[in-house]
Amino acid sequence: MARFGGGVSMRSVKQSENQIDLEKGLLLEKAEGEGDNDNGKKKYKVPLAKLSVSLAAPTAEELNLKRPSFLTAWVMIKALFPYYWTKNTFSAKVRVVISVSIIFISKAINLYVPQVFTKIINSLPDQVPVKLILWFGLLAVIQKSIFDMRDLVFQEVSNGAIRVVSLETFDHMHKLSLSFHLSKRSGGLIKIVERGTDSIVTLLSLLLFNIFPTILELFTVTLFLLFSYGFYFSMINLTCCIAYVLFTLSVTEYRNQFRRLANKKEREASDIRMDTLQNFETIKYFTSEAYERSRYEEALKQFHQINVQAKSTYVALNTGQSTIIIIGSTLGLLYATYMASLGGFTVGDIIAINTYIAQMFQPLSWLGTSYRMIIQAFTDMENLMDLLNTKPEVDDAPNAVPLSYTTADNELPSIEFNNVSFSYKNGNKILDNVSFKVPAGKSVAIVGETGGGKSTIFRLLCRFYDVNEGEILVGQQDIRSVTQVSLRGAIGVVPQDTVLFNDTIAFNIGFGKRDCSDEDLIDAAERAQILQFINNSPEGFGTIVGERGLRLSGGEKQRVAIARTILKNPPILILDEATSALDSKTEKNIQKSLNDISKGRTTLIIAHRLSTIMHCDEILVLKNGTIIERGDHFQLLNLKGEYAKLVEEQNKKIIIDEQPPTPI
């Protein structure tokens, strides 16, 4: 189903009355009672963006969501085992054994306690069985304390499982390719990870401490009633339990579709909320608070509508479960009193039978809740497993080796692109048969129009993507044959859009070399022309930069990025519009630092301001994914081609910008 305009569905537009012009992003609608205007052009009345305040209502296809199959459920149950046993400590394994042993002990006590109580009742009024009463009280204390002990013993096991799955998920998410993260919203991913991690603990706790003990109790109580009180009582107990379980399964299966859809709608609301916080400044610029609030309100409305539907099915489920329990208890009590009237049962037997039935239905009454929670946990775990089963598009080869580089002249690596072609998933070819070489210790710049493939080159070099055709060599090694860690460890990048951690300036600069000394930190800040700013800040290096570095200006963020790259001291340097966020004065000051740190490194520069690359050994002009010109600055000027035209256009812009304003 086609969607556009921030969640507007095509079905929300009446095709008989409206026509969508996707290129212009406007809704073409004829004014009531009016035809086309004189020149035959249609009137544009409603901007499409204004329609995006209404998120699409859930479709029948979205509502018809299936719960995990039994095979899928079994696969997920097996997936739990390593987190609680194989990947856990020896101490945790011992605790698992103790916890399971406690379950069997508690069920044995549950069978024995009603018999003690029966003996107490049958002893009356002839005698007061003090010893039996004391023994009954002691068993009650043991019953209560043994469950508390079980929870305490198992706590370390649960904590260990959470730690293992959290670290595994963290590692896996950072192994996934850049394309995966660009296609996902971080808010939705965080929800999947949080819920999935919780589901690991929820599932095992419910299966081990609710479902398994209930099944064990059903089996033991049914057998005990059969041999102690006859076939009828065991059949009442068994039949009602089976009816309860079947009813719960069938209704919960229907309810689960609403839970899945509610999860989906909640993630959408979470994504909108996170987007607005991350784009707080942009929203203020465009005074879009009301617009964003409308989008968020609509997402919440849909989420709440689904929850109301889920609540109605919950009420129906509880009513049916209670009815089955009452019927079973009533039938058991009727037959027990009938047998007592015939002299077959004592008063103690009636109480014991009633106790066993109540004792059976007590955990069974939680079975519905447990089952609902298990289905919810299966849904959440299924999403987490889908994430963990996602294969990175770029992975190390089985025989990958660390990057090594030696040349005849020095120990710096060269860079070679040999007949490289590349296209993203949409099929548009970004690079077409691109070949060039950056000799060891030399600098090469790439210029061209926006969207021509310049940034794609450095992403390919860092192996965020693999080439479709050709090869990329670093130090005469195909980068697909070396480990990604060693490759990226040899590359320092100053990106066009710098994103910082919500931590101190010291942390963000020190990220380039996490074991650096204070002297190294200060030296890097000074060479990046940011030390004065740091010293003038009240907290100095301890200044918190804010989420994504929003407390710093664009230039300050860029200089922090330059400082941490200086600290990393890589043999290969990539400058992706490294001074794009700086004013002219700061750019001139920092350009010298960039030129200095480029010396003695293999440097690839992606530039928009051509004045910053005049010193480069070679300049490549990229257009439509193809290198159309190459040479140094003066050679390209003499060609009077695309590069010369770009220089001329920038010079004109500089002249216009520097002209004083015309007096009014």
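Positions of Cβ are set from backbone N, Cα and C atoms, glycine also.
A TrEMBL annotation is a machine prediction, not a hand-curated record.
Note that the coordinates shown come from a computational prediction; the quantities given were computed from them, not determined experimentally.
Lifted from TrEMBL, the feature list:
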- 97-376: domain 'ABC transmembrane type-1' (DOMAIN)
- 415-649: domain 'ABC transporter' (DOMAIN)
- 97-117: transmembrane segment (TRANSMEM)
- 129-147: transmembrane segment (TRANSMEM)
- 200-225: transmembrane segment (TRANSMEM)
- 231-251: transmembrane segment (TRANSMEM)
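It is 97-117 that, among the stretches 97-117, 129-147, 231-251, forms the most Cβ pairs under 8 Å with the transmembrane segment (200-225).
Residues of the same chain lying 6 or more positions beyond the ends of the transmembrane segment (97-117) and with a Cβ under 8 Å from any Cβ of it are 132, 135-136, 139-140, 142-143, 146-147, 149-150, 153-154, 157, 208-209, 212-213, 216-217, 220-221, 224, 348, 351-352, 355-356, 359.
Listed as Cβ neighbours of the transmembrane segment (231-251) (distance under 8 Å, sequence separation of 6 or more from its ends, same chain) are residues 218, 221-223, 225, 313, 316-317, 320-321, 324-325, 327-328, 331-332, 335-336, 353, 356-357, 360-361, 364, 367-368, 371.
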